[in-house]
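See structure below.
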C-alpha cells in the first residue's frame with residue numbers, strides 16, 4: 001500500500017509552513033537587510049561603492065589578510081595536533097583510552113569565552129605558567145609573552161578545534177577495510193608505501209573535511225580574537241562589531257559582513273563538496289572486518305611506541321585541562337593588597353542579588369538569562385530542525401537540493417553578521433523586537449537548528465516507510481503516525497540535538513552582544529565584562545559555573561551517543 005498523493009501533499013505543506021515562515025522572517029529578512037545596507041546608497045540606488053571601498057581600504061585589506069592568515073595557521077596547527085590523535089584512536093588500545101577520547105570532546109562543547117579566559121590565566125604575563133617559570137628559574141620578567149598576539153589566537157583555535165580533526169579522521173580511518181592494506185603488504189609494499197598509496201588516499205577526504213571545518217570556525221571566530229588578539233590583531237568579525245557598535249558605520253559594517261559571508265559560504269561549499277567525496281562509492285573501501293588494534297599495556301611504556309602515546313596523551317591532557325584548571329583555581333583567589341588568599345568571595349559575588357553597575361543587572365540574573373535562553377532555544381530549534389529533516393528525508397519535495405542548500409545557509413553566516421542583520425531589520429515597526437529576549441532566542445535558534453537537523457536526519461533516513469504505511473492502513477492519520485511511530489524512534493537524535501542546541505545557546509556571544517540590553521546580560525557577556533575590568537576571580541567563578549553546565553551536557557552527549565550526531 002502507498003500513501004495517497006493528497007495526504008502526502010497536505011502533510012508536506014503543513015510540515016513546511018513553520019520552517020519556511022521562521023527562516024523567512026528570522027534569517028532571510030535580516031540577511032536581506034544586511035545586503036540592502038551594504039549595496040544601496042542613501043538615496044536607495046544600487047551601488048558597489050561600499051564593497052569596493054572595503055576591498056580597497058588599506059586597513060580593511062589588512063584585516064581580511066590577517067583573518068585568512070590566522071585561519072590558515074590555525075588549521076595547520078590543528079591538523080598537526082589532531083592527526084596523531086586520530087592515528088592513535090584508530091590503531092591502538094590502551095588503558096584509559098576511553099577516558100582520553102571523552103576528554104578530547106570537551107573543547108567542542110566549551111564556550112569560546114571560557115577558552116579565552118583560561119588562556120589568559122594560564123599564559124598571561126602574570127599567569128600561572130609564567131609565574132611558575134619565574135619562580136623556577138629566578139627570572140624577573142615573564143619568559144612567555146603570548147597574549148595579544150597571533151600566537152595566542154592560533155593556539156586557542158587549535159585547542160578549540162582539534163577534536164574536530166580527531167573525530168572526523170578517526171571515523172574515516174576506522175571504516176577502511178584492513179584487508180586492502182594487507183593486500184598491499186603481501187605484494188611487497190613497505191609500511192610507508194602502504195600508507196602513502198592506500199591509506200592516505202582513503203582518509204584524505206576526512207582530513208580535508210576537518211580542515212575545511214576548522215578553517216571556517218577560525219575564520220568566523222569572535223570571542224577568542226576579541227579577548228586574545230587585542231586591537232592590533234582584530235579580524236573581520238571583530239572589525240564588523242567595532243564598525244557597528246563603536247563607529248556606528250552600518251554601511252561599511254554591512255559591506256564587510258557581505259565580503260566575509262561570500263568567503264565563508266565559499267568555504268562551506270568546499271566543505272560540503274568534500275563530504276560528498278567522503279561518502280564511499282567504492283565498496284571495497286568500506287570496512288568488512290574491524291580495524292586490528294595494537295594493544296599497549298603498562299609494560300610497553302618504556303618502548304618507543306608506548307612512550308610516544310604516553311607523551312601525546314600527557315600533552316593533550318595538559319592542553320585541554322590546563323586552561324580549565326586555571327579557571328577553577330582563580331575562582332578561589334582573593335587579592336588583598338600584596339596578599340593572595342583562598343576565598344569563596346567570587347562565588348558570593350556571582351550569586352549576589354545586588355545590582356552590579358559593571359553588568360547593568362545582578363550577576364544572578366545573568367545566570368538565569370543564559371539558562372532561560374538555552375531552554376527557549378531548545379524549544380524552538382527542536383521543531384524547526386525536525387521539520388526540516390523530515391522534509392529532506394521523507395517527502396518528495398520539489399527542488400530538494402535547492403531547499404537543502406537554503407536551510408544550510410545559516411552555517412555560512414557568522415554570528416556577528418546575523419546580529420547586524422537583526423539590528424537593521426528589527427529596529428522599527430512592525431517588527432520592533434531588537435533588544436528583546438525573543439530576538440535573542442530567535443537568533444540562537446537560527447544558529448542551533450542545524451545541530452538538531454544533523455542529529456535527527458540519519459535516524460529518519462534509516463526508518464522504513466512500511467512502518468508508516470502499516471499504521472495508516474490500520475486507521476491512523478499521517479500526523480498520528482508521525483507522533484506515535486517516527487517521533488519515538490528519533491528520540492536519541494532529539495536528545496543529542498537538544499543538548500547541542502542548549503550548549504550552543506549557553507556559549508553564544510557574538511549575536512547576543514549586539515542584541516542584548518543590560519537586563520538581558522548572559523553568562524558569557526558577564527565573563528567578558530569581568531575580564532575587561534581585570535576582575536579575574538569573578539570571571540573565573542562565572543566561568544566555572546558555565547563549565548559545570550557544559551560538562552553535564554558533554555556527559556549527556558557521550559552517554560546518548562555522539563556518533564548519532
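Our numbering is plain: 1 for the first residue shown, then up by one each step along the chain.
Each residue, glycine too, has its Cβ placed from N, Cα and C.
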102-124, 171-193 - the range that TrEMBL marks as transmembrane segment: 102-124
Among 371-393, 405-425, 536-557, stretch most in contact with the transmembrane segment (309-333) (C-beta, under 8 angstroms): 536-557
Same-chain residues near the transmembrane segment (431-452), Cβ under 8 Å, at least 6 residues beyond its ends: 22-23, 25-27, 29, 369, 372-373, 376-378, 380-382, 384-386, 388-389, 407-408, 410-411, 415, 418-419, 422-423, 425, 494, 497-498, 500-501, 504-505, 508, 511-512, 515-517, 520, 565
